[in-house]
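Annotation source TrEMBL lists transmembrane segment at 67-91, 121-143, 163-183, 257-277, 337-358, 364-383. Per TrEMBL, domain 'Phosphatidic acid phosphatase type 2/haloperoxidase' is recorded for 170-387. Residues annotated as region 'Disordered' in TrEMBL: 454-474. Per TrEMBL, compositional bias 'Basic and acidic residues' is recorded for 463-474.
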Amino acid sequence: MPVADPEHGSVPLITLNRSQNYQRLDDDTFDADTAYPGPEYQSYPQKMARGPLQSLREARKGSTKSGIAILSSYIFDWVIILILLGVSLYLDKHEPNHHPFSLEDPNISFPFTEHETVPPWLLVTLSAGVPIIVIPIISLIFIPGHTVPSGTPKSLIWKRKLWELHVGWLGFALSIASTWFITNSTKNLLGKPRPDMLARCNPDIENWTDFIVGGVNVGNGLHRLVSIDICQGVDGRDLADGFRSYPSGHSSSSMAGLGYLSLFIASKFAITFPFLAPGNQAVTVTAFPSRSGANNAAPAASDEHLHAPSNSAGTRLFSAHNARLASVRQQAAAPPLYLLVATLLPFFIAVFISASRWFDFRHAGFDILCGNIIGLTTAFFAFRWYHLPIAQGAGWAWGPRCADKAWWAGVGSFSYAVDWEEETYGSAGWRAPENDGMAMEEGRGQEAKMFSMASPGSAVHSDLGDRDTRRRMT
């Protein structure tokens, strides 16, 4: 049994076995200085600790300058996205590279489909227009839901609605812009021929030897590679577009827009696999815990339940623990299937759009698959950039940035949502030392100094490099 070390001002560390027995510890059981209350901190007076920093923070949060800083930072986000969209549209009109090809390659010998199943205008309508309309419908009607306390000002409710709408559109725009930029730049860089490229080319067969750029002359030599200069072109068929096969723009765009919409719907309507909350040990796997005596019978020694302590305070804790006991099967439930269908519908529309590029002879299977990966990746990234995880965030988006970090946080900051003062000194205006016995200076002015003083009857060692000392002090 470990013994306390009064010299270091510590109390014994009790190792709990798997049965988790909690018993009362009497003062005479251990050789411990029970009068030692732990380190005491000499902080600034309340007026000095809270007043200046708290007042500064409150004044800055409500100031026009702070609002302008936050608003302008998000406006600049939109500017970046619009620039990215502009560059993407320019790349779409730019002449791509032309990869050499063989006149007898069966992979580029498919017929040209005059009428596409999903033409460009329909692609834009489905992948961009539908999310732009659905996101405000959900944000303005279903948010903030049933969690609003009675008496909440309508202005506050509308602020939340508009914020969710704003970041919903912002994430969608980021997903689409990123996908178009990646897709169009890759298309132009690689210049891979489409499956219907020869039907667009109309090659000059009689003079084909004048356009040979590679290969080995074997047999009749038709397997040698030729350049795009051999193409005479066909009216109404874009020859340059015939070298934009990889990756599929329809696939990436549909997944970026409709895939993002599926994530948005799943988040707002809590459509996820049922799961147990992490760290929740107050459950039982019995079929009917309320009838099995789990809440009132004394558990066996081999059980994982807590054993009731003998003191009154421990008894109250034990009773509260048992009151929270519930069947593991009651911790979650499957969402209704109609909501699952509504969530997956945009995704499967994107799958259909991608598949149409195969039977329209516009892309090879590998091109379509890579386009799907690009679109889904950007959709997930853009969604998580502005929204909490679906299984943990209860459908909310991340809040706005704080005023003094709207444009820059720098080294030493862990969140763009927390003011520097609150992050450094805590919500009360000062932060307690993280290690007992430590005198720490943050280097942000004399107000940041905090000291620890040892109480009577104990001696706190200042040598924090000693691992054993740190363990006792923790």
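Glycine residues also receive a Cβ, built from the backbone N, Cα and C atoms like all the rest.
What TrEMBL says about a protein is an automatic prediction, not a curated fact.
What you are looking at is a predicted structure, and each value in this text was computed from that prediction instead of being measured.
Tell me about the surroundings of these features in the structure.
Note on the transmembrane segment (67-91): residues 166, 170, 173-174, 176-178, 180-181, 183-185, 187-188, 400-404, 406-407 of its chain, located 6 or more positions outside it, place their CB under 8 angstroms from a CB of the stretch.
Within the same chain, residues 160-162, 164-165, 168-169, 172, 176, 250, 253-254, 256-258, 260-261, 264-265, 268-269, 346, 349-350, 353, 395 sit at least 6 positions outside the transmembrane segment (121-143) and bring their C-beta atoms closer than 8 Å to a C-beta of that stretch.
Mean model confidence of the domain 'Phosphatidic acid phosphatase type 2/haloperoxidase' (170-387) amounts to 83 (pLDDT, 0 to 100 scale).
Through the fold, the transmembrane segment (337-358) approaches residues 116-118, 123, 126-127, 130-131, 248, 250-251, 254-255, 257-259, 261-262, 265-266, 269, 271, 365, 367-368, 371-372, 375 of its own chain, all at least 6 residues removed from its boundaries and within a Cβ separation under 8 Å.
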Could you pull out which residues elsewhere in the chain have a CB under 8 Å from any CB of the transmembrane segment (257-277), counting only those six or more residues past its ends?
126-128, 130-131, 134-135, 138, 142-143, 168, 171-172, 175-176, 283, 328, 331-335, 339-340, 342-347, 349-350, 375-376, 379-380, 382-383, 387-388, 390-391, 393-395
Report, as numbers and ranges, which residues of the same chain sit near the transmembrane segment (163-183): CB under 8 Å and 6 or more residues beyond its ends.
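Those are 74, 77-78, 81-82, 84-85, 87-89, 91-92, 127-128, 131-132, 135-136, 138-140, 143-144, 247-249, 252-253, 255-257, 259-261, 264, 371, 374-375, 378-379, 381-383, 385-387, 396-400, in sequence order.
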